[in-house]
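Chemist: Sequence annotations record features per position, and here TrEMBL assigns transmembrane segment to 39-57, 64-82, 110-128, 140-162, 182-202, 207-228, 240-258.
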Amino acid sequence: MATRNGLLAAWGLFTVLPAPVVAEVDERLAVRAIASMPWVGLGLGLIAGLGCAIVTVAGGGQPLAIAAGLAILALCTGFLHLDGLADTADGLGSRKPAHEALTIMRQSDIGPMGVTAIILVLALEIAAGGSGHLDGWRGVWLLVTMPMVARVSALSATGRWIPSAHKKGFGALFAGKTHPATIVVASVIAAVIAAGSGWLLFGWRAALVAVCACLASWVFGVAWRRHILARLGGLTGDTFGSLVEMSGLAYLLTLALFA
């Protein structure tokens, strides 16, 4: 029987990992699924963190461990968010009017701006996570919490006051669906998990920096979202993916600089 559980539906929609068959996504299921996106991120973070820990224990070095964790994340999502980042970069970088930029984003090929965006984001993430002052276990912590925090930005972009760029499509299923209270609750829980785990593992300074990193991630996500809205007039599935990637980068950079 096809599932209508929000968390299981989100797992099936946003990952390529084994999951129950997802029922046809109507508005009610879409609301529950997108509200579960941060917790799907936490599950993915635990998987990526395990991979990072294995490389760390094997003596592979911090940059390699972070790169392995990021590769696991990308594989588990079927490169969904990196694809969205690339398409968004191609559309915005074209400097075309909104309707032409959206057409570029819907094409199946990837342009030079999309390739460059992926390379820059991944390089900065590996450099941030592999910083010399971060020991291997802090790197594991970064990878466990980052996907969860980053997906809060995507959740907040589905607020009821934010329009979709298209009337149909994957992004239109979720755009404009989420109640503000759901976003606030998810933000608080994600910050508590990030800060609480940091405090338990590394002390009060890590907890404080984790809270600051969450705020930096979400503020940057809002700024990125506002830029997209100004250029395109609405959000798409690709732009949600770019929000996940850009917010995750902001989180990692903040932790790398101050943890």
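Placed from the backbone N, Cα and C atoms, the Cβ positions cover glycine too.
How buried are these features, and what lies next to them?
Modeler: For the transmembrane segment (64-82), the residues of the chain that approach it from at least six positions outside its boundaries are 14-17, 44-45, 47-49, 51-56, 118, 121-122, 125-126, 129-130, 136, 139-140, 142-143, 147, 241-242, 244-245, judged by C-beta separation under 8 angstroms.
Tertiary neighbourhood of the transmembrane segment (182-202): same-chain residues 35, 38, 42, 137-138, 141, 144-145, 148-149, 152, 155-156, 159, 208-211, 213-214, 218, 259, selected by CB-CB distance under 8 Å and a gap of 6+ residues from either end.
With a cut-off of 8 Å between Cβ atoms, the residues of this chain six or more beyond the transmembrane segment (207-228) that come close are 88, 92, 145, 149-150, 152-153, 156-157, 162, 187, 190-191, 194-199, 235, 239, 242-243, 246-248, 250-251, 253-255, 258-259.
Note on the transmembrane segment (240-258): residues 80-85, 87-89, 121, 124-125, 127-129, 131, 134, 138, 142, 145-147, 149-154, 157-158, 171, 174, 209-210, 212-214, 216-218, 220-221, 224-225, 228 of its chain, located 6 or more positions outside it, place their CB under 8 angstroms from a CB of the stretch.
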Chemist: I need to check the long-range neighbours of the transmembrane segment (140-162): which residues 6 or more away from its ends have a CB within less than 8 Å of a CB in the stretch?
Modeler: 34-35, 37-42, 44-46, 48-49, 52-53, 56, 65-66, 69-70, 73, 129, 134, 174-180, 182-183, 186-187, 190-191, 193-194, 197-198, 201-202, 206, 210, 213-214, 217-218, 220-222, 224-225, 229, 234-235, 239-241, 243-248, 251-252, 255-256
